[in-house]
Amino acid sequence: MNIFNTNPFKAVSFVESAVKKALETSGYLIADCKYDGVRGNIVVDNVAEAAWLSRVSKFIPALEHLNGFDKRWQQLLNDDRCIFPDGFMLDGELMVKGVDFNTGSGLLRTKWVKRDNMGFHLTNVPTKLTPKGREVIDGKFEFHLDPKRLSVRLYAVMPIHIAESGEDYDVQNLLMPYHVEAMRSLLVEYFPEIEWLIAETYEVYDMDSLTELYEEKRAEGHEGLIVKDPQGIYKRGKKSGWWKLKPECEADGIIQGVNWGTEGLANEGKVIGFSVLLETGRLVDANNISRALMDEFTSNVKAHGEDFYNGWACQVNYMEATPDGSLRHPSFEKFRGTEDNPQEKM
């Protein structure tokens, strides 16, 4: 398969004036639950070859065994109920069932089987005992996530020629769920081992109802909402028409160095975060990490050197951007690279 830039629709930061305008025009808004997962694009071409890709069109390490030809994709494309028989792209959120976001995203980025992920691997791997009686893996094996552990929340589907073209898909947000459900019913039938779901979605008719729904979903443990203009279409890239309603904004960047705890305070001698060069060109200190991460990062730096994490791709969260472009309360959120290549954003 020819891998292309999938460039899915990415929600922009919440802008109340723009959202109110969409509400006035349509009389209501679509509000989808925002899931804490890894954005994924599943591309299936006309010869039934599939590619499981990240939002920046990189192969997802733990799902590489699902790439390539599968007779079931061929059967699905040939099914009279398939609305895109020449191929399609699915856009959604990938999650690992039964674990939190950090664990799940870590598993999806994982390249090799280790003791702590053996339970999620598709098959058993041989083990052996060390002279001290510790069980270790006997050899080196690529990590293949068991598809039964995989959950996919679908946002959109489009024909492959539109996906390849990079053009917007002229289907309104209010109609997209019907297209998604038409495909989801087939996915459930042909690939029952994977959990295929549609994003939990609501219609809200005023801003107060939107606020109430947001607070309700936050209380349930969700990240927030994706608010959609019902009459807007599926666009490519970060465009207005989908808005993120969540406590924090996010930015991607590259680690330039580590930040150490202040002398005389409790975190003295520990790595408390990173100096990160954002894609915008601004350098920020992204700290506010857990004690467990402090211990992990400090241990790695002491073992491998202070430049161990330099060049790693990461995500920084922040409350808002000021008019001069600086960020309020930036904090380290997660690494964006793969286990095999932490410097390449997935």
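Just so it is clear, glycine is given a Cβ too, placed from its N, Cα and C backbone atoms.
According to Swiss-Prot, the ATP binding site annotation covers ASP32, CYS33, LYS34, TYR35, ARG39, ARG55, VAL56, SER57, GLU93, GLU142, ARG149, LYS238, LYS244. Counting only same-chain residues at least 6 apart in sequence, those with a Cβ under 8 Å from the Cβ of ARG149 (ATP binding site) are VAL96, LYS97, GLY98, PHE120.
For LYS34 (ATP binding site), the same-chain residues 6+ apart in sequence whose C-beta sits under 8 angstroms from its C-beta are LYS217, HIS222, GLU223, GLY224, LEU225, ILE226, LYS244, LEU245, LYS246. Reduced to three states, the DSSP call for LYS34 (ATP binding site) is strand. Here Swiss-Prot flags LYS34 as active site, N6-AMP-lysine intermediate.
DSSP assigns GLU223 (divalent metal cation binding site) to coil in the three-state reduction, placing it in neither a helix nor a strand. The annotation divalent metal cation binding site is assigned in Swiss-Prot to GLU223.
Around VAL56 (ATP binding site), a 10 Å sphere centred on its CB holds 17 further CB atoms from the protein chains shown. DSSP assigns LYS244 (ATP binding site) to a strand. Counting only residues at least six positions away in the same chain, the Cβ atoms of PRO8, SER54, ARG55, ASP91, GLY92, GLU93, LEU94 sit under 8 Å from the Cβ of ARG39 (ATP binding site). The ATP-binding residues named in the record, ASP32, CYS33, LYS34, TYR35, ARG39, ARG55, VAL56, SER57, GLU93, GLU142, ARG149, LYS238, LYS244, extend over a maximum Cα to Cα distance of 35 Å. Of the listed binding-site residues ASP32, GLU223, the Cβ environment within 10 Å is emptiest of other Cβ atoms at GLU223.
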